[in-house]
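Quick look at what TrEMBL lists:
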type    : residues               : note
BINDING : Gln177, Arg346         : ATP binding site
DOMAIN  : 376-568                : domain 'N-acetyltransferase'
BINDING : Ile487, Ala488, Val489 : acetyl-CoA binding site
Amino acid sequence: MNADVGAWFAQLQRRGAISGCRGLLLISGDRDWCYQQLHALIAATERAEENVAILSNHALAGIPPAPAKTLLGQERSLIVADAWTSLSFDDWLAAAGTLRAGGLFCLLCPPPAVWPAAFLSLAKDRGYRLQAPNFISRFIAVAQQLKEALWWQQGSELPPCPEFSGHWQPTLPSTGQQQAIAAIERVVNGRAWRPLVIRSDRGRGKTAALGIAAAQLLLAGRCRRIVLCAARADAVTTAFKHAAAAAGVEEPSSPTLRLNGAELCFCSVQDLMDGAVQCDLLMVDEAAMLPVSLLHDCLQRYPRLVYATTVHGYEGSGRGFDIRFTSILEAERPQWRRQYLTEPLRWSAEDPLEAALNRLFLLDADSGVAEPEGGMSVQAVSPQALLEDENRLRAVFGLLVEAHYRTRPQDLQYLLDLPGRLFIAESNGRVIGVCHVLLEGGMSPALAEAISCARRRPRGHLVAQGLTNQWGEPRFVQQQSWRINRIAVAAGHRRRGVGRALLKRVDASAQKAQVAFLSSSFGAEAGLLDFWRHCEFLPVSLGHRRDSASGEYSAIVVRAIAAELDAEFLQYRDQFCRDSPLQLLDKKSLRVDVLERLLLSEAVSESASQQAMPPYALLPGDPQVVRRYLDGEVSQLDALPALWRLCSRLPLQTLQWPQLEREAGLRRVLLGHSWGEISQALGLDGRAEVESVSQRFFARLLAVVSNSDDQPN
């Protein structure tokens with residue numbers, strides 16, 4: 001049998017290389033039997049150490065496991081995912097993208113009848129708390145229906161080697177790449193302020209096209225400095241490799257390529273946020289992974305600009321970029337251009353593996369929502385109901401993909417398996433809104449105490465553990481709470497009350513379930529903070545590091561369900577505002593519009609709990625100190641403590657005041673920007689004008705305080 005396996009794989013490789021196809025084989029049976037068959041596959045692979053990647057927690061057939069991230073930018077003939085030990089579907093799919101034509105993705109798995117139970121047991125051993133193995137149950141059912149998926153079960157014959165059709169002849173660069181390169185050159189050679197957006201599925205050569213275009217522009221003397229921005233330097237290795245090849249030079253060892261006195265260099269997202277990047281052309285790879293606020297800043301700052309993003313990617317979808325950023329482009333740069341890359345490079349358009357993975361992981365899910373029509377209903381839906389309605393599942397997941405910064409394949413498993421609740425809004429039978437809630441808390445007193453002392457950190461319970469750790473209150477992980485993990489509304493239905501209707505239903509269900517509080521954690525953007533404030537949630541925490549998905553600092557908002565938490569949450573909110581001047585010392589790049597929303601002292605709600613919020617944190621002598629500063633009697637440094645306290649709470653009408661004044665005042669006092677930094681950022685003429693503009697803001701703020709009856713005695 002082993003000889004047959006080797007011959008089978010050799011034949012698949014030959015046929016696949018000719019037709020540009022890759023295969024999917026599920027070897028299903030006892031673990032030892034699965035490993036035995038794998039040995040034969042690996043033995044039939046030339047230079048197995050270089051061409052085989054193992055996704056497992058241990059070596060297989062003498063080949064050590066490889067972290068999926070280390071595989072990106074490489075090509076393999078055989079990818080082996082060990083479902084007996086590997087739980088990361090993101091890693092499976094990222095590795096699948098490195099398979100060359102003629103390659104095989106081999107999944108070692110238990111028999112279908114016992115796989116769900118085995119998966120549940122493995123997840124429990126790894127510290128995950130799953131409600132049910134719904135994801136694996138669906139995976140098995142779909143895989144058994146797919147003609148592209150080959151099953152080899154213990155006790156049965158090896159399936160016939162697939163007959164791939166067609167003759168594949170890759171052309172490099174592809175037609176799509178050539179068009180993208182020409183479009184990039186037009187950005188440089190044509191009129192300024194006409195940005196280009198390149199959209200691509202995974203494996204279409206987008207990053208390579210950026211590198212080739214950069215090399216051609218440098219060699220032609222059209223640019224002195226081109227900057228390529230990405231989340232990580234290793235994510236754009238392909239661009240530098242192809243740039244060097246196009247220029248006929250050796251690939252650089254560092255992310256900088258110098259040609260004829262000009263250069264292509266890498267910059268980090270943080271460099272871009274700091275505003276220190278100077279270039280003739282800025283190219284942003286995987287732009288969907290960056291905060292919309294930063295993309296907007298780039299739009300204002302760089303006259304020649306290229307955004308590139310993956311639409312359906314194995315590491316996560318960037319379709320949310322289209323929804324969230326296209327409207328900004330239309331409004332501010334109506335002559336922006338778009339280029340699509342649809343033609344695969346390393347495999348054919350008829351590749352069975354890509355088709356199979358799209359079905360198994362809903363990589364191409366689409367919400368299918370059109371323009372608003374009809375009424376709306378909101379209901380709770382169980383994971384089991386979703387499993388029984390594939391079209392509804394695709395619509396739900398497609399909407400989450402479209403609305404979020406980054407939706408990964410693993411998120412589908414979380415949606416189906418984690419303990420939680422799902423609420424959907426529908427109109428005329430179409431899903432127009434989704435709210436996914438995760439259950440948190442319910443821990444034992446001993447574990448809760450260990451968490452509050454930072455001795456334990458179990459998986460999950462993101463907000464409950466964060467509040468317990470921050471405030472030293474064990475009961476937040478003992479009480480039952482609900483965290484809103486995702487809330488998404490179809491683009492054509494936004495600002496029509498759908499999100500609030502979903503949260504109203506969540507609130508009612510939480511009260512019925514006697515939940516203590518609701519919470520959410522998200523990348524803090526002004527629009528999102530406005531939404532949560534309108535829904536009567538209080539910001540009580542801001543993370544110290546930027547969120548990996550949104551690129552923003554993570555905010556935590558809470559809403560009390562249990563009456564006894566009303567006053568307590570207000571106290572924590574008050575403390576958050578009082579502490580903000582010191583907490584913001586390491587957040588100089590925080591956007592002012594975000595800062596304002598975090599510190600608003602008035603809520604939209606007229607509830608008693610919201611009214612109880614003390615609006616200001618001034619000491620008795622602070623107003624006089626601020627007045628003396630405004631009159632020129634003391635310096636700003638002398639008045640800074642009083643200005644800190646003055647700015648730590650902002651009245652709602654602050655948002656109606658001139659933006660230039662707000663920016664100057666808050667950048668200086670709370671974000672610690674220098675006079676020069678503020679002058680440059682706001683286009684003001686040195687310190688004198690910055691101080692004059694900021695003083696108008698402080699004067700407005702002081703007037704509100706002086707007219708308030710809520711000042712502390």
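Cβ from N, Cα, C; glycine included.
TrEMBL entries are annotated by machine, without manual review.
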Pairwise Cα distance for Gln177 (ATP binding site)/Ala488 (acetyl-CoA binding site) [Å, integer]: 33
Nonlocal residues around Ile487 (acetyl-CoA binding site), in sequence order (Cβ under 8 Å, 6 or more apart): Gly433, Val434, Cys435, His436, Gly499, Leu502, Leu503, Ser520
Residues within 8 Å of the Ile487, Ala488, Val489 Cβ centre (excluding the acetyl-CoA site residues themselves): Leu399, Leu400, Ala403, Gly433, Val434, Cys435, Arg486, Val498, Gly499, Leu502
For Arg346 (ATP binding site), the three-state class that DSSP assigns: coil
Least buried by Cβ count (within 10 Å) of the binding-site residues Gln177, Arg346, Ala488, Val489: Arg346
